[in-house]
Ligand code: ADP
Ligand code: MG
């Protein structure tokens, strides 16, 4: 009940939305407005896919209009040429789009930086010209005489009829994307932004995840195209060209590119604005043309300068945020892997070498980590510590030498496979998803301990697993002492707390070895003390830790053994107080002593 009251504006919106076409006489909505609303709905479906792909996944696509075209042409062709049911046309359109998107995605989604948007422009243009040049699709004249949709015996003949179908699909798209984002694969998708190296280290197959959301966004576009074809009863290539691809992107950005409802708002704003400008601008300029594109462009620049988040944040509080992850109590805990006996040799780095061109960053370095120990890997800047760290975590492969973990060689494995074997890591420069709660961020660490994929997440068949993952994340958050911040946004924490969050996230993958890259860098004295206390406590609980550190004082009273590197070479190894007196170490750190 409380939720219904709180979401009052949202329910009002839904009631008005569904009552509009059937309002009686004095409030009767003219046909023209129904048509506009139908188009807003159709555009929303495409823009929702773009929110997922661009706003959340971080991949800009200018080519969505082409997928709308595939959905529209598939049903147009099949229903007019072979007289099949439009619903078969829908299935064919969706499957064809998914297949094409999968192939295109497998090629273009791996492109980085500006190459990806350029790639989407290339295939957006290619598909447009294909529609216009294929004899069987009627070339630039297109296909006419597309039949009316029939749903449950009702002919969706007028705009007022198909209106309901369109808006039910819009709501379905919103709910499906919200469910997806609030799930195990959804958290992986939200971690894709930037390089994706954090997600990979948590066991996420980022290349595959990118293809998945690309296909999902394309399928939404194809469904919109299907509805469009049966609304218009005719198709031609014009609405599937590149400038419409750009308009879809505008809609997502104007609304608020990382909010699902923002897509609907953006579609509404741009459709109404375009309608208004198309009558206004020719009057002002005395000429016909696509001048509204120029106004859109200016609007876009202003928006990116002054309201990065789009218009959505200004109306966001009126709408529900979609399901929020909570940490339940009493659920069946996740299974844990078998732990090594104390003192067992866990990690063995043997004469490992890494060359970057002519530079030897790591020069035949060897050391072991025994179970239940904290080992410090220290050395001045540029000594090769991070490179060694990357060789152990699978970010880099050694030029020579071997790395063995629990008796298995791991030096040829990638970071995902290494995470799967039980090595958890943190990053020298904190990598978290600032807009996500602490709980959700930590739950990314449990990615490999869940199974639910995209389908199960969309229809919410993942609930019992979700509860177990959240309970595990909450357990690790309590273990490191961040429980007060469970539902705070990760970006609002102090740097020291963000570092601790990363440790909780690494613990969430149930590691037997924890690798920390300069965890004390940038921390205040008090925060360093808290961090050291936490690491000691983890050791008492049986955790093994390899700590890369620049700060000699921090490691002195914490570690069981130290390995010292300088210019890529191991110059000392032993108990901390021995190493501290080693002349070579003093030379390296202090530039020699008297
Ligand atoms: P540390 O972490 O001890 O400060 P690094 O392992 O980051 O040192 O770097 C060791 C040396 O290797 C440095 O001279 C650095 O410039 C070089 N180096 C590190 N990564 C690369 C790379 N990807 N390509 C070329 N040189 C690199
Ligand atoms: Mg480093």
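Yeah, the Cβs are placed from backbone N, Cα and C, and that goes for glycine too.
As annotated by TrEMBL, transmembrane segment applies to 34-53 (among others).
Marked as transmembrane segment by TrEMBL: 65-84 (among others).
As annotated by TrEMBL, transmembrane segment applies to 90-108 (among others). Below 8 angstroms of C-beta separation, residues 67, 70-75, 78, 116, 119-120, 123, 210-211, 214-215, 217-219, 221-223, 225-226 of the same chain, each at least six residues beyond the ends of the transmembrane segment (90-108), sit close to that stretch.
Feature annotation from TrEMBL assigns transmembrane segment to 115-134 (among others).
Residues 14, 17-18, 20-21, 34, 37-38, 41-42, 44-45, 48-49, 51-52, 56, 149, 151, 156, 189-190, 216, 220, 223-224, 227, 230-231, 260-261, 264, 322-323, 454, 457-460 of the same chain sit 6 or more residues outside the transmembrane segment (162-181) yet have a Cβ under 8 Å from a Cβ within it. Positions annotated as transmembrane segment by TrEMBL: 162-181 (among others).
Feature annotation from TrEMBL assigns transmembrane segment to 207-228 (among others). Nonlocal intrachain contacts for the transmembrane segment (207-228), taken as residues 6+ away from its ends with a CB within less than 8 angstroms of a stretch CB, comprise 42-43, 45-46, 48-50, 52-53, 56-57, 59, 61, 64-65, 67-75, 86, 89-90, 93-94, 96-98, 100-102, 104-106, 109-110, 162, 165-166, 169, 173, 180, 185, 188-189, 192, 199, 235, 239-240, 454.
What TrEMBL records for 248-273 (among others) is transmembrane segment. Long-range contacts of the transmembrane segment (248-273) within its own chain (CB-CB distance under 8 A, at least 6 residues past either end) are made by residues 36, 39-41, 43-44, 46-48, 50-52, 54-56, 60-62, 64-65, 170, 174, 177-178, 181, 292, 295-296, 299-300, 303-304, 309-313, 315-316, 319, 322, 435.
Annotation comment: TrEMBL describes 294-315 (among others) as transmembrane segment.
Among the features that TrEMBL reports, domain 'ABC transporter' is placed at 347-592.
Distant neighbours of the transmembrane segment (34-53): 20-21, 59, 61, 64-65, 68, 159-160, 162-163, 166-167, 169-170, 173-174, 177, 180-181, 189, 213-214, 216-221, 223-224, 227-228, 231, 247-249, 251-252, 255, 257-260, 262-264, 266-268, 270-272, 275; these residues of the same chain sit at least 6 beyond its ends, with a Cβ under 8 Å from one of its Cβ atoms. Here the transmembrane segment (115-134) has Cβ contacts under 8 Å with residues 59-66, 69-70, 73, 104, 107-109, 140, 237, 240-242, 245 of the same chain, all six or more residues outside its ends. Summarising model confidence by region, the domain 'ABC transporter' (347-592) averages a pLDDT of 92.
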